[in-house]
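**Q** Features from TrEMBL:
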type	residues	note
DOMAIN	491-671	domain 'STAS'
TRANSMEM	63-83	transmembrane segment
TRANSMEM	89-106	transmembrane segment
TRANSMEM	113-131	transmembrane segment
TRANSMEM	151-168	transmembrane segment
TRANSMEM	175-196	transmembrane segment
TRANSMEM	225-241	transmembrane segment
TRANSMEM	299-321	transmembrane segment
TRANSMEM	341-364	transmembrane segment
TRANSMEM	376-398	transmembrane segment
TRANSMEM	435-460	transmembrane segment
Amino acid sequence: FRMDSQNQYCVSRPIYSTRAFEHVNEKQVRETKTIKERLRNSFFPILNWLPIYQLKQWLPGDIVAGVTTGMVCALQGLAYSLLVGVPPVYGLYAAFFPILTYFILGTSRHLSVGPFPVTCLMQGAVVLSLAPDELFLYHGNTTGVNGTATLVVNTTFGMGVVQVGFLVRYLSDPLVGGFTTAAALQVVVSQLKLIFNVPTNNYNGILSLFYTIGDIFKNIKQTNMVDLIAAVLTIIVVMLVKEFNTKFQKKLPVPIPIEVIVTIIDSGVSYAMDLSTNYGAGIVRTIPRGFIPPRSPDVSLFSSFGGPSFSTGVVSYAIAISVAKVYAAKHELIVDGNQELIAFGISNIFCGCFSGFVATTALSRTAIQESTGGKTQVAGIISALMVLIVIVAVGPLLQPLQKSVLGAIIVANLKGMFMQVHDVPILWRKNKTDCCIWVLTCLACIFLGLDVGLLTGVIFELGTVVIRTQFPTCSTLGNVPSTEIYKNMKDYKNIIECPGVKVFKCAAPIYFANIEYLRDQIKHTVGFNAVRVFKKRNKALKKIHQLIKKGKLKVTESFLTISFGAAISEVEVQVDWSSTLPVSVRIPKVNIHSLVMDFTAVSFLDVMAAKSLKLIIKEFMRIGVNVYLAGCDGMACLREHRTLDMCSMVNKFLSYSPSYSIIQFLKLSSN
């Protein structure tokens with residue numbers, strides 16, 4: 001390698017075959033860690049950062065962040081319990097218990113673990129479909145516990161068990177964007193009955209959103225104006241203050257905890273004016289002090305909610321890992337996806353045993369924890385202590401709080417999700433397929449429900465991947481003069497082809513579904529069908545043999561070459577196919593002597609593709625066209641296809657080199 005004063009460089013190296021490359025560079029066996037070593041290094045991430053905790057530098061920020069986040073977390077726990085369909089105290093449990101286990105097992109230092117409206121709504125739909133309150137209420141039970149809450153323990157435990165991290169890889173950003181936008185709409189509609197304080201039936205499944213809207217308009221005359229006014233004022237105030245917090249984020253020492261302020265004011269006004277008795281306002285009523293004893297899940301119910309729990313678990317993990325990666329990248333930290341899977345799975349199991357509901361994270365809470373100076377999960381533990389204070393002491397003071405205010409707080413916090421609609425025109429300009437995934441997932445979740453809609457979106461997304469690999473982008477490459485750069489011939493004017501050589505590039509894996517398409521693209525690139533050429537040449541040869549036998553054609557013709565076999569009677573006739581032949585057979589012209597297949601973008605071959613590729617090479621070689629594979633990673637393409645021995649097949653080499661090295665080799669060979 002060398003570079004001159006004009007910033008031009010020259011690379012000089014040999015062209016390797018697979019065997020030669022491995023021999024020269026001494027291929028070695030990769031070392032793998034044992035399961036015991038992996039567990040010791042990663043199962044308890046707290047051991048990585050707690051011993052190096054900087055008390056003076058980090059603790060003040062963690063305290064401020066923990067106190068601020070804890071107040072918001074407690075309030076959101078109360079509000080999101082309405083989405084699950086359980087008494088508010090269970091929301092406090094969901095905001096407290098998951099933090100304890102995540103503190104030990106989590107790898108993100110900034111996540112605020114707790115309830116999230118989308119997953120709460122998904123769990124609430126399952127709970128209400130299996131245990132309607134009208135069938136399971138225990139009248140006179142002062143703790144507010146009902147059959148619905150009991151089932152929450154089972155569903156949350158199930159969600160902890162079925163956390164499957166690898167499935168999150170199939171949830172692309174457009175799919176998650178469409179899903180969460182539709183979920184935000186579902187959340188708003190579910191809270192309208194609290195904001196208007198009108199009776200509605202509980203619906204789940206196809207068109208449930210529209211049935212709920214129909215019930216709201218049907219009973220709109222029963223609206224409680226006190227609840228409606230309180231909710232509207234709450235939405236306006238919360239959204240305005242949040243905009244203020246965002247605009248003056250750098251100037252404010254901590255964001256204004258407007259949700260906490262609104263809650264305290266509304267509780268005081270509701271208590272002083274006795275809104276429930278005098279005006280019929282819907283209030284929280286009961287928030288008992290302390291905890292409910294832990295209980296084991298009823299495994300007999302697992303089969304009833306396995307599917308919905310599975311989808312909710314996948315969504316909760318996807319949201320958590322997405323937010324965690326954002327802040328890990330910002331602070332140059334590392335988040336282990338597999339360990340996060342374990343952390344959230346155990347957190348949900350632990351939370352479910354103590355009567356909480358599904359836990360993940362929320363971008364708003366995590367943003368508060370990070371922006372107020374949170375450095376580690378010590379801030380999370382402090383926020384859990386704030387929730388604990390509410391559970392054991394402050395909770396009863398919030399009993400006069402209006403449910404419509406809690407519903408309004410939920411709605412006001414969904415603005416960010418609705419703003420994702422602005423992504424649609426951007427996606428349309430960048431990638432229409434991703435835009436279609438976003439729109440279809442959103443519409444499917446609105447019309448079919450969140451669980452079925454998510455499944456529909458995933459199936460459609462995977463279908464687009466299959467289609468894109470089944471019909472991959474194939475191109476003919478040409479050389480930029482005086483460089484080693486090869487680009488698509490259709491994209492640039494000033495590129496040329498090496499005479500007698502075609503460079504074909506496939507930008508996708510090659511497998512059973514696209515091998516025929518690949519054949520067609522190769523035919524289009526070279527300009528002829530190798531099988532048809534071979535058949536036509538054989539037909540022409542037979543006619544030439546007949547003419548020679550009949551004496552109508554002399555063997556001294558310029559286009560004929562005669563060679564004798566072991567016996568005198570064995571005569572082989574070789575024809576110059578570029579010449580004009582004396583037979584009436586139309587033979588397609590073959591204007592190349594070499595075909596280079598650029599496999600730099602081919603990640604794998606399946607068995608069928610390997611066999612077909614061997615056949616394609618054979619078809620070209622028998623008509624005198626050499627085939628070379630360039631940029632082919634032997635480990636990826638040939639590890640499981642030992643029968644695909646390209647070296648012996650083409651009697652040349654299977655190169656690790658890019659296409660231009662092959663071309664340079666062909667030019668030197670021709671000279």
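Cβ atoms are placed via backbone N, Cα and C, with glycine included.
Keep in mind that what you see is a predicted model, and the values were worked out from it rather than measured.
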**Q** As a test: from 63-83, 113-131, 175-196, 341-364, pick the stretch that has the greatest number of Cβ pairs under 8 Å with the transmembrane segment (376-398).
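**A** Comparing 63-83, 113-131, 175-196, 341-364: 63-83 has the most Cβ pairs near the transmembrane segment (376-398).
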**Q** Cβ under 8 Å to the transmembrane segment (225-241), counting only same-chain residues 6 or more beyond its ends: which ones?
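**A** Contacts with the transmembrane segment (225-241): 194-197, 256, 258-259, 262, 266, 275, 279-282, 402-405, 407-409, 411-413, 415.
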**Q** Out of 63-83, 89-106, 113-131, 175-196, 341-364, which stretch touches the transmembrane segment (435-460) the most, going by CB pairs under 8 Å?
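**A** Maximum Cβ contact count belongs to 175-196.
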**Q** Tally Cβ pairs under 8 Å between the transmembrane segment (341-364) and each listed stretch (63-83, 89-106, 113-131, 299-321), then give the stretch with the top tally.
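**A** By Cβ pairs under 8 Å, 89-106 leads among 63-83, 89-106, 113-131, 299-321.
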**Q** Could you please provide the mean pLDDT value for the domain 'STAS' (491-671)?
**A** 74
**Q** Other than its close neighbours in sequence, what residues sit by the transmembrane segment (89-106), given a CB gap under 8 Å and a spacing of at least six beyond its ends?
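**A** Cβ under 8 Å, 6 or more out: 43-46, 73-74, 76-81, 113-115, 144, 149, 152, 286-288, 291-292, 339-340, 342-344, 346-348, 350-351, 354-359, 377, 380-381, 383-384, 387-388, 390-391, 395.
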